[in-house]
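Trainee: Below is the structure I would like to discuss, written out as structure tokens.
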Amino acid sequence: MSDPNNPNINIRTTPQWSLYQRESFWNTNDGKYPIFNTDPAEIEKLAKEKLSQGGWYYSACNAGISWSHLSNRQAFYRHRIVPRMLVDTNMRDTAAEIFGHRVSAPIGFAPIGINRIYHPTGELSVAKVAQELNLAYCLSSAGSYSIEDVAKANGSGPRFFQLYQSPDDELCISMLQRAFDSGFDACMLTTDTWSLGWRHNDVFTGNYAFYHEHGAGDLGLQDPVFQKRLKESGIDPVKNPKEAGAKWIDENIWHGRAITWEKMKWTMEQWKRISGGRPFCLKGIQSVEDAKKAVELGVDGIVVSNHAGRQVDGGISSLDALEKIVDAVGDKIYIMFDSGVRTAADAFKALALGAKFVFIGRLWVWGLGIAGEHGVRHVLKSLLAEFDILMEVGGFVKIGDIDRSCIDSLPNSSNLIAEHSGI
């Protein structure tokens, strides 16, 4: 196992994440075992046992019959890592750059809403762990806690703000201003969720937290423009939390009013004005045509994503879309990736195909649901250890070395391997 006295540790520029494995083994001498098994299928199984029915369905439901979710997972099997031997990986470096921030790894926290339904501390715990590990954190505008409180929890960590664009321009500007004032220095506009996809279990159980116990959440309730809108409508959020929640979500988050490229330009201009030119990105890009349009309009970055298969069923896998988009515009725009990532090998393959950064979602959500802050930390430290070990034994020295020469890719086939959604 990794030698904690290895002299190379002190001269590496990033932590020896692999020592978390040694720590886990050694601690058993004192009767201490990891708080849960981080095999993705086991994490999912335990989360299902721990979470409320609503929390479980919201985290696990996919669009339709989960075909896009399955497609996301299948795509990773087409690419196989080719290890190189006798490479000096003693001073390997997992660091990456994203929007001017040097982070510990090219792996970050994808924006996911209403974290409080998974654990009472919600986004606060997640933001805290992100700062502790120096990983990029992205807050969803459908979050539970206020922008300001999440920023405090994140401290000096690199953080970005994901925007579900409200058709209320005044409120949209208010949210962007609050985000920038709180240190969120990049904006990601989600382009694929004007309404939620059809998710059978959520519909069957009426699982829509904003209409029930969650209400509008602190993120909405603490916005001065939304407070004004509530007053104009005669809604007291204390006496009528469900009505306040409905007004927030129906009119400002998942409102069913499609935003066009023209309106996107307006939003980008507002963010650039407010932030002094900080990066503006589009999340949810899946076609070469849309990626080219983003480049044409001066967007700083795109997240190739199908929302983890939660919006359009029967859609292209995010990994297959990534390959095509990188070929078309990879040298013209900063490309990020999410959807279907469960392991360090998955993240590695996305990087090899040309993504500069990879976001994960369900893994940390389930960790949060299982054990709160400790669960999030355990999931991420385990994933980082796995990634560090992969680089060490696979012969990869730094993130910049990871490219298509590191993988062997099979032809894209319509034949699907039978696989449960557990992974």
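Cβ atoms are placed via backbone N, Cα and C, with glycine included.
Remember, TrEMBL labels are computer predictions, not curated facts.
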Trainee: Hey, TrEMBL has glyoxylate bound by Tyr58, Tyr164, His307, Arg310. Any idea which of Arg12, Arg22, Arg102, Arg199 it lists too?
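Mentor: The record-listed residue among the candidates is Arg199.
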Trainee: Would you report the average pLDDT that the model assigns to the domain 'FMN hydroxy acid dehydrogenase' (32-412)?
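Mentor: Per the prediction, mean pLDDT sits at 97 for the domain 'FMN hydroxy acid dehydrogenase' (32-412).
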Trainee: Distance check, please: Cα of Lys283 (FMN binding site) against Cα of His307 (glyoxylate binding site), rounded to an integer number of angstrom.
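Mentor: Rounded to a whole number, the Cα-Cα distance is 9 Å.
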Trainee: Quick check for the class: what is the C-alpha distance, in angstrom and rounded, between Gly113 (FMN binding site) and Tyr58 (glyoxylate binding site)?
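Mentor: Roughly 10 Å, rounded to the nearest whole number.
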